[in-house]
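Beneath this line is the structure, given in structure tokens, with notes to follow.
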Amino acid sequence: MRGRRGDRMTINIQEHMAINVCPGPIRPIRQISDYFPRRGPGPEGGGGGRGFGEAPAHLAPLALAPPAALLGATTPDDGAEVDSYDSDDTTALGTLEFDLLYDQASCMLHCRILRAKGLKPMDFNGLADPYVKLHLLPGACKANKLKTKTQRNTLNPVWNEELTYSGITDDDITHKVLRISVCDEDKLSHNEFIGEIRVPLRRLKPSQKKHFNICLERQVPLPSPSSMSAALRGISCYLKELEQAEQGPGLLEERGRILLSLSYSSRRHGLLVGIVRCAHLAAMDVNGYSDPYVKTYLRPDVDKKSKHKTCVKKKTLNPEFNEEFFYEMELSTLATKTLEVTVWDYDIGKSNDFIGGVSLGPGARGEAQKHWRDCLHQPDTAVERWHTLTSELPPAAGALPLA
């Protein structure tokens, strides 16, 4: 700042504060100067005299400033730049590195979460406590949610953790999308969303690992029906009805999947039924889970002795049973039978809830019929297949809800 000849060079408090508070390329000087008087054009602004805001050191500068000076002087171009500037717009959310592998033979989708870099700080210390969670879309729920461990106080976490979906079919690969979300864990309040990536599974080829290193994106919430215009609501309803019509009236609601193992033992003269595991079961309890168990019947059951059931698995939608049941029967007789498998939610003091079921036998269709036929044609060979559970309750099974 220039003064009269012989005067000591001084810097007023406004300039001193502006210098200290304006580091880096963020350039907030324009915003800070709104609260301090600025030297305007004219004779006061140049030469040897003091202008507005250049007060003696023993006086408060703001007290001498006129109201107009407190508002600051910005050009239209400057004002437009400030209005359009948003620090979040230029803040990277970070990148996520991971591998995906679809194992067609075992019907599994493997997702190895490797690392993230440059995550957005979420905590007061400028760091985050990140973890990754997976969902399959459409139909995101607790049944298909997988989650990594939390890495503490880092913006560059390394997980190297593998998460696996079971019971994935070729139809899932064609139609479903994997949503990978990175969140910040907060023990004192709700966890915070950082960013996400959505990968259509059709980009995967069976048994070929695919590597990804992608920038995270913001979550784009879909508009609620109440916020849509009448025209958009009408179009949405029309498309939904059209989709239901294309699917057909006979389509049953999917309630999860079950992995069954069938083997006819020629030495023991009977059928071995293995209940291996279930995946993505429907939640039947208020806590968002179920307490599932499995029952099997071999119909027609003249002696009513064909019922078997597994133990109950508490609070899970992806139970592992690994239990085996044996039905003593000649192969020729077995060819006329139907194996009914139902999954139930165990409740104390009231009727158990039916989750879903599947029937395997000569009258079945699709994969269920093929599984039964392969079992009969390949004695002494265990044949494992995943089956979709539907909401159709077998007539005979409905009479035993408490068992």
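Every residue, even glycine, has its Cβ placed from backbone N, Cα and C.
Per Swiss-Prot, the feature Ca(2+) 2 binding site maps to Asp285, Asp291, Asp345, Asp347. Taking Cβ-Cβ distances under 8 Å and a sequence gap of 6 or more within the same chain, the neighbours of Asp285 (Ca(2+) 2 binding site) are Asp291, Lys315, Asp345.
Taken from Swiss-Prot, the feature Ca(2+) 3 binding site applies to Asp285, Asp345, Asp347, Asp353, supported by sequence analysis. Secondary structure at Asp285 (Ca(2+) 2 binding site), as computed by DSSP, is coil.
Sequence annotations record features per position, and here Swiss-Prot assigns domain 'C2 1' to 92-214 based on sequence analysis.
Marked as domain 'C2 2' by Swiss-Prot: 254-387. Confidence across the domain 'C2 2' (254-387), taken as the mean pLDDT and rounded to a whole number, stands at 91.
Annotation comment: Swiss-Prot describes 1-92 as region 'Interaction with UNC13D and DYNLT1'.
Per Swiss-Prot, region 'Interaction with UNC13D' is recorded for 218-403.
Most Cβ neighbours within 10 Å, among the binding-site residues Asp345, Asp347: Asp345 holds that distinction in the structure as shown. Neighbouring residues of the recorded Ca(2+) 3 site, listed in sequence order and excluding Asp285, Asp345, Asp347, Asp353, comprise Met284, Ser290, Asp291, Trp344, Tyr346, Asn352 (Cβ within 8 Å of the Cβ centroid). Of all Cβ atoms in the protein chains displayed, 19 besides its own lie within 10 Å of the Cβ of Asp291 (Ca(2+) 2 binding site).
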